[in-house]
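Data first, discussion second: the structure below is written as structure tokens.
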């Protein structure tokens, strides 16, 4: 039962961040539906082609990036500030398994906030007579790919928060390096297969680095 207990602890700890992220995504979706509660939506936003506009190409990926980065940093820095790392590491469970539960909890919440509302919107937009613009499921691929790429941002920020180096030194290197990979893989609609392979590769490297860092750091 310890994985469920730890996952619930992560859920409670991250809930305020996810609520803010969900609220922004929800307001954005309402704007695309013609309910303009946010000032930067024009009156014709509901007539734009779903998933083929600046909102899904730029605005929502930026929101997702901020959400993923904040989640990754908060999961690590909050443990350091509260001095709870040693409590976690002295449980009769390996550090790798504890870290794995934290990572799955974090990225799971991010994807829940970024994917579920937009999936509901896609189903609504794809239904007959819902929106005065053509809808193609192919147009949604760029958005789903950017959501998948958020794992790189999340893992790099988690690794950065885990390290004990100086902020103006090597601590931010993982985030800076991954930012380039994120832009490379999520800003083009071509080479989708290669983009996904690159995301998988970067994620694998970051997870290995996180597991290694967990064993190297003193956390005292």
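Every residue gets a Cβ built from N, Cα and C, even glycine.
Worth saying up front: this structure is predicted, and the values here are computed from it rather than measured.
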Per TrEMBL record, range annotated transmembrane segment [choices 143-161, 162-180]: 143-161
Stretch among 20-39, 51-74, 100-123, 190-211 sharing the most Cβ pairs under 8 Å with the transmembrane segment (143-161): 51-74
